[in-house]
Amino acid sequence: MATEIAKHICCGIDCNNEADRLQCPKCLNDGVKSYFCGQECFRNSWNIHKHLHRPPNVEKREDGTYNPFPKFHFAGSLKPVYPLSPIRKVPPHIKRPDYAKTGVSRSEQIEGRSFKLKRLTPKEQEGMRKVCRLGREVLDAAAAAVRPGTTTDELDSIVHNACIERDCFPSTLNYYAFPKSVCTSVNEIICHGIPDQRPLEDGDIVNIDVSLYHNGFHGDLNETYYVGDKAKANPDLVCLVENTRIALDKAIAAVKPGVLFQEFGNIIEKHTNSITEKQISVVRTYCGHGINQLFHCSPSIPHYSHNKAPGIARPGMTFTIEPMLTLGPARDITWPDDWTSSTASGRCSAQFEHTLLVTETGCEVLTARLPNSPGGPLK
């Protein structure tokens, strides 16, 4: 009697097909079962799937975790704790951005060849309001779990599931091969931290950067949270986090029709220069961005003074302001995962971000905190 071959769900990016025979040979060598529905799906998924593999000559700890980059000179004490969890699935009924399967946004590449500043129609503005409200709910769900002992991978699971519950696609998932559904940046990590198995510790700070896609629109927001009472009692961290929060608030207060995009950086750096108790610097490598039907588009919003960003705010435009400030100098390095950005000094960094809609008289903070949102300024 013939036996029926057991069916598995394909491990490929954005694929929910059944798979039976084809397995990743590297996973087989590591004793891991990962099935794919075909060679094309395996090839398309490789840039993310490879993060699940333990590099040769890397020893596992007793708990099965390991540092995938043992020869890299990390600037601070933070190191990645692998293996990463398997790629999380998105149900097929949820609408996807154009890069969900390939990792490459062709629509963003086309837009990038021209400097177009889109002004949304009233209907499109409602689409942005909806996705940003959902984004706030998702961020708050993750923030409620921030405590010593929670891993950043657990935060990723919370964000992913909260997105799915709201019929949203997590915008970071497979965006140019980013392997997770949220960015979690701890201590000296400036941005784009990949969630892994490291538990948060009392005294850490963690930035949770949520981006999601709903009914054709992206929303984007982040906040930095204190982990435990030890962090809240650290004067360096409090100075850094609270001044980053204030710098964003001051920039938002200046958003109105007719303001040059370059002006927001002047406001942010003027505030950081006024801080006398600590040296705090503005990161120049990363900037805010336009956002609408595209995840990233024009305009660019640098956060430092005397920048040359072109363009003027007009009613109907939507964009983010998301300053990253560091203790000490602002030079940054990138980990070998090609995503994680760390301060070169190993000192801590903080960030806050909102998505904004320019109105006739000022702006609307589409991702504004709710009365019961976790975190917030220290009293």
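Here the Cβ of each residue, glycine as well, is placed from N, Cα and C on the backbone.
What Swiss-Prot annotates here:
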- C10, C15, C37, C41: Zn(2+) 1 binding site (BINDING)
- C24, C27, H49, H53: Zn(2+) 2 binding site (BINDING)
- H192, H296: protein binding site (BINDING)
- D209, D220, E353: Zn(2+) 3 binding site (BINDING)
- D220, H289, E322, E353: Zn(2+) 4 binding site (BINDING)
- S373: phosphoserine (MOD_RES)
- 7-60: zinc finger (ZN_FING)
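Positions of Swiss-Prot features highlighted on the structure.
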{"residue": "C10", "record": "Zn(2+) 1 binding site", "contacts (Cβ under 8 Å, 6+ apart)": "N16, N17, E18, A19, Y35, F36, C37, C41"}
{"residue": "C27", "record": "Zn(2+) 2 binding site", "contacts (Cβ under 8 Å, 6+ apart)": "K33, S34, L52, H53"}
{"residue": "H192", "record": "protein binding site", "contacts (Cβ under 8 Å, 6+ apart)": "F178, C183, S185, D209, W339, T340, S341"}
{"residue": "H289", "record": "Zn(2+) 4 binding site", "contacts (Cβ under 8 Å, 6+ apart)": "H296, C297, S298, P299, S300, I301, F319, T320"}
{"residue": "E322", "record": "Zn(2+) 4 binding site", "contacts (Cβ under 8 Å, 6+ apart)": "D220, N222, L248, Y286, C287, G288, I301, H303, Q351, F352, E353, H354"}
{"residue": "S373", "record": "phosphoserine", "contacts (Cβ under 8 Å, 6+ apart)": "R136, D140, A143"}
Helix, strand or coil: which one is H289 (Zn(2+) 4 binding site) in, per DSSP? strand
Same chain, not part of D220, H289, E322, E353: whose C-beta falls within 8 angstroms of the C-beta centre of the Zn(2+) 4 site? Give them in sequence order. D209, L221, N222, G288, I291, T320, I321, H354, T355
Going by DSSP, how much of the zinc finger (7-60) is helix, how much is strand and how much is coil, in residues? 19 helix, 6 strand, 29 coil
Tell me the Cα distance separating C15 (Zn(2+) 1 binding site) from H49 (Zn(2+) 2 binding site), rounded to the nearest angstrom. 13
Does DSSP give E322 (Zn(2+) 4 binding site) helix, strand or coil? coil
Candidates H49, H53 (binding-site residues); min other-Cβ count within 10 Å returns H53
Quick one: which residues besides C10, C15, C37, C41 have a Cβ within 8 Å of the Zn(2+) 1 site's Cβ centroid, in sequence order? C11, G12, N16, N17, A19, F36, G38, F42, S45
Residue pair C15 (Zn(2+) 1 binding site), C24 (Zn(2+) 2 binding site) - Cα distance, angstrom, rounded: 15
